[in-house]
Number of protein chains: 2
Amino acid sequence: MNPDIIRERQNAAFDVEKLTYILDGGPEKTKRRREIESLVFSDPDFNEEDPNFLSRSERYDQAVRKSAQMILKLREYGIADPEEIYYYKSCVHPGRPSPLDLHLAMFLPTLLNQATPAQMDRFFMPAWNLEIIGTYAQTEIGHGTHLRGLETTATYDPATQEFVLNSPTVSSIKWWPGGLGKTSNHAIVLAQLYSLGNCHGLHAFIVPIRDMTTHEPLPGIVVGDIGPKFGFNEVDNGFLKLENVRIPRENMLMKYSKVEPDGTYVKPPSSKLTYGTMVFVRSMIVGESARALSKSCTIAIRYSVVRHQSEIRPGEPEPQILDYQTQQYKLFPLLAMAYAFTFVGQYMTEIYHRISEDINRGDFSQLPELHALSAGLKAFTTWEANSAIEVCRMSCGGHGYSRSSALPDIYVEFTPTCTYEGENTVMMLQTARYLVKSYRQARAGQQLSGIVSYLNESRDRRVQPQAVAARPPVVDINDLSSLVEIYKQRAAILVEMAARSIQQELQHRKSQEDAWNNSAIDLVRASDAHCHYVVVKVFHDKLKGVGDTAIHSVLSTLALLYAMHGITRNSGDFLQAALLSVPQVLQISVRVKELLSQLRPNAVALVDAFDIHDKKLNSVLGRYDGNVYENMFEWARRSPLNATEVHESFQKYLKPLRSKL
Amino acid sequence: MNPDIIRERQNAAFDVEKLTYILDGGPEKTKRRREIESLVFSDPDFNEEDPNFLSRSERYDQAVRKSAQMILKLREYGIADPEEIYYYKSCVHPGRPSPLDLHLAMFLPTLLNQATPAQMDRFFMPAWNLEIIGTYAQTEIGHGTHLRGLETTATYDPATQEFVLNSPTVSSIKWWPGGLGKTSNHAIVLAQLYSLGNCHGLHAFIVPIRDMTTHEPLPGIVVGDIGPKFGFNEVDNGFLKLENVRIPRENMLMKYSKVEPDGTYVKPPSSKLTYGTMVFVRSMIVGESARALSKSCTIAIRYSVVRHQSEIRPGEPEPQILDYQTQQYKLFPLLAMAYAFTFVGQYMTEIYHRISEDINRGDFSQLPELHALSAGLKAFTTWEANSAIEVCRMSCGGHGYSRSSALPDIYVEFTPTCTYEGENTVMMLQTARYLVKSYRQARAGQQLSGIVSYLNESRDRRVQPQAVAARPPVVDINDLSSLVEIYKQRAAILVEMAARSIQQELQHRKSQEDAWNNSAIDLVRASDAHCHYVVVKVFHDKLKGVGDTAIHSVLSTLALLYAMHGITRNSGDFLQAALLSVPQVLQISVRVKELLSQLRPNAVALVDAFDIHDKKLNSVLGRYDGNVYENMFEWARRSPLNATEVHESFQKYLKPLRSKL
């Protein structure tokens, strides 16, 4: 164990294990999590070569091998709880997606939700037993977010009672689905349904794409891998071009809408049935933001106490770089963010479950709020975490750039969350739509409830910038609940400003749509402020439930830092709305520095509390024992380029060059 | 040619070719640049496989082959001007560093600067003819920025008149030098010189590391590749462990300092001789920021007019995504930044040349200012461009994540600039040291000249936040020179605040060093504001020299957008110092939107003016002809994973699994 990191742990002012329980949601959860880790990490069947030393084909190969093993082990151990399966998988493929992810997370659940009983009989058990391996093919090369723009067609032929599927243009080629390129033999294809000359919009079809025995592509199917990406090297994200592919009528997923044998189309009872899944996935992504950021902070903070560099006082030994104020200022606000997002992730899961029960009882009233909240928080947390991971990487100096640090991998595997499951700007605008609608309802005299109830106050206010600026600020900057309050007022004012921008555009005789588009910057800003408020509020609320004094104290410091750092970064908003005075903003800057010093002795303990197993972290810089350099040297020597002392290019190019010059 | 992109070009309001001349520095430079491009891109010897489809060893192999070819061709064509060599190389290895970069850019120049005539005779011609291939080994695994912390030792042995080199610890292993792992047979090693029992600090030694005939490592040398990184896949960044390696006394670079045969040490005449190189390299990096960002903007903006998505008005066809205000707001400020940084790069090169002449005449008076400026602008532009590249990537939706977009590669090859040649936070603090020193001189009554002359005014001012806030703002927000003025005042105030923070810490009986460290956040902020001011000022000054009315108009719009967008992002600073009023900040937000609309018709023309050859851009999304999707499909089909229809993992793992479940 590195002596620096031992000393850090001795200096911690709270019980790390107890904080871990809070983060996991209870000691039993921590125990079970560690049991699962131990099952995977002690299992020689899951030994692997560092993927960084493999070609892409080898990486894919290794991932398929381990996924196949995983399926066998899960059955052997009888692990069936979805959350436990998810965690087991995250240990088998630490920090990496796998080729079977869409089969497990999209193909099977879609069958469960949308297949008729007859279809379940035909498809579910073969899929459960991995004879059928499936994916979910929605996005096309020229079409993403906007579902109505998708071009793939499924035309019903009553003569043969078949659908004929086609990719009519280059831009309609299915593109991106994970596991589509090489792994799957079936795909659920989203296509525009045509029957009896009419288009009935997007529907889902089960399309066999490869032969069940030979795995060769079937006639009319052009399928393959879309090529290397920033990350996701283990996954065969694929393309699929359909050329007059015929499937039986019974392959349309018909639980809700139907096509009768004669071609008659029967509409689904409700169009909002798929909302739940979207909300669930986006809630999960909020948790993903927390996990990716927790990992990054663990690596950067542990390495910052092991690394000595430069000098603060001449003649003294080089200090730990975490003693530099600039390093603390880079990392501690992100540590606070990691905690904030962890609690927001828990909060999202809780309300998802609560509202799911409402939905099951037929009560849809909370769905719009949950939908808006999950969209906005997905965007807010992924954008913030995305930048934060890179700050962590760069705070490690040159070594953060080495694959041995794991930080490049964390980034490339995480950054797609900003784009998939709803592009972030589009998500922010969806949340804004809900906020503006709520604002208008409040102005019209409706009493709002839930998270947007703060908009009720807008009834009584007329925002005039100058007038606002003159309002005397009364906030106590050292009181977190005061800060929650001004975050709330900032959100209220920015929602109001966005709504007024739309109003002004309309007065210039713009259409509703152009007025909306010409206010989009303000709308995104309003959503951002709303989400920021929610995060600060959730962190504040979480503190109320923490009984342990020492932990309460350190978490309060983190929460205050999170709130105050956010104010310094957005001080213009708070000054503009006169929520804070100039002297208060200056005081907050000074307080931020004090909070950094307060957190310094607990920094390593706070990342230790995330309790991320070394094999999950996979980082020489972030090792629990702090023995960084010897292990980095060890790792480098295993690099494939060191397999021979002399690379063949010397004999091929460099030596012959001498005689030519 | 894609019809959308044709229409964009038809709508441009200025002559693209003329703007290209301004960016290149004159029509002759444009002509010569295109000649060099044509020499490389029409040469079949430089054909290559897309590196994204190769293993790391194959990438290295291909890069060595092309580098060897390049050396031959440069001699054949008689290209000897360093700038032309640099450009030729950037076409041979488009967007990628190469294994011989350090030989050309560090090993040969260091010989030229620091070798004695006798050493030149022994080493220079063999190195020129690539018998000797060298690198520059300074950084160690545990030591970066702080040179005094380096641990490698070179101990003089008068008995044999040799130096004995050692890596005494794991943390002293040389780490990171490009070309060290596999390519070089010599290294210039920086080591602590010991003679007659005394340490004389860091000196440079020429150390043979591999056998000239077999290329095998020499006795006592442990050398190899440091393993895969985020990018730099073509480069064998290496490690070097020295175990009692003996080299002749004459292998110490002795142009300035010396060790006599008896071990007597002779000091160098000046310690500032190496400043020039550092300043030069950092100035070049500012240009690199501009180029990386120009490429990214070219890709994102061209793709944004080709890509149609979603809807603004119901029922109408999907609009080009560049018609969304949010997309314009993401990209146009970055386009403005790319222009700003291009002009700052030109400015840095000009003043570097001017001051170099001064230095050659023995006038060192401008060196501190240039040193501070190059450090700060290196940090400012690389940080800004680094984030901006990722915004460009994410603005392309999912496809930005594909390696075919080139955006992941631009990012990973660029991001090390934030760390190497002076870590950015350290650079900002160096600039701050100069600013605070200048501020104190001004307060003491000295008249400052040059870029910091604005600090002269601080003599007459006492910053009191409240008092400042009460000062009436008189700025005309639509006048760029007014905005330059308030950027200047913002810098002055933030320098003053940082200096006062140090003062306050000292009053709390902190030492100078602790006072400095406890003010580091403010110091970085002051440097940032100073650099921001310089960039806005340089852009403004550049406009004065632009004669063409149409170009002047569009560049003015860009400059205004750059300045105003910077104000909206930092509005707290401007409000806090009462440089702007609340209504003015709100007006600026509205003006930003208007500027976005103004730029929209010229967006494609403005990126066309960068005139980046398709083969340099290497991006299916950024192609000049806009034919994105068919080429993306084409590219994907060449992916190695598509070499066979059925991947072997199916037979190995998936098929056998069926019988086990």
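All residue numbers here begin at 1 and follow the chain in the order shown.
Including glycine, each Cβ sits where the backbone N, Cα and C put it.
What TrEMBL says about a protein is an automatic prediction, not a curated fact.
From a predicted model like this one, the values you see are computed outputs, not experimental measurements.
TrEMBL annotations:
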type	residues	note
DOMAIN	B:15-133	domain 'Acyl-coenzyme A oxidase N-terminal'
BINDING	B:Thr139, B:Gly178	FAD binding site
DOMAIN	B:275-436	domain 'Acyl-CoA oxidase C-alpha1'
ACT_SITE	B:Glu421	active site, proton acceptor
DOMAIN	B:479-657	domain 'Acyl-CoA oxidase C-terminal'
List the helix, strand and coil residue totals of the domain 'Acyl-coenzyme A oxidase N-terminal' (B:15-133) as derived from DSSP.
89 helix, 0 strand, 30 coil
What recorded positions from B:Thr139, B:Gly178, B:Glu421 have a chain A Cβ less than 8 Å from their own Cβ?
B:Thr139
Give the number of CB atoms, excluding that of B:Glu421 (active site, proton acceptor) itself, located within 10 Å of its CB.
18
Separation of alpha carbons, the residue listed as 'active site, proton acceptor' and B:Gly178 (FAD binding site) (Å):
13
Within the predicted model, mean pLDDT of the domain 'Acyl-CoA oxidase C-alpha1' (B:275-436):
94
Determine, to the nearest whole angstrom, how far the Cα atom of B:Glu421 (active site, proton acceptor) is from the Cα atom of B:Thr139 (FAD binding site).
11
Return the residues near B:Thr139 (FAD binding site) by Cβ distance under 8 Å, restricted to its own chain and a separation of at least 6 in sequence.
B:Lys174, B:Trp175, B:Trp176, B:Pro177
Please work out the number of neighbouring Cβ atoms within 10 Å of the Cβ of B:Gly178 (FAD binding site), leaving out its own Cβ.
25
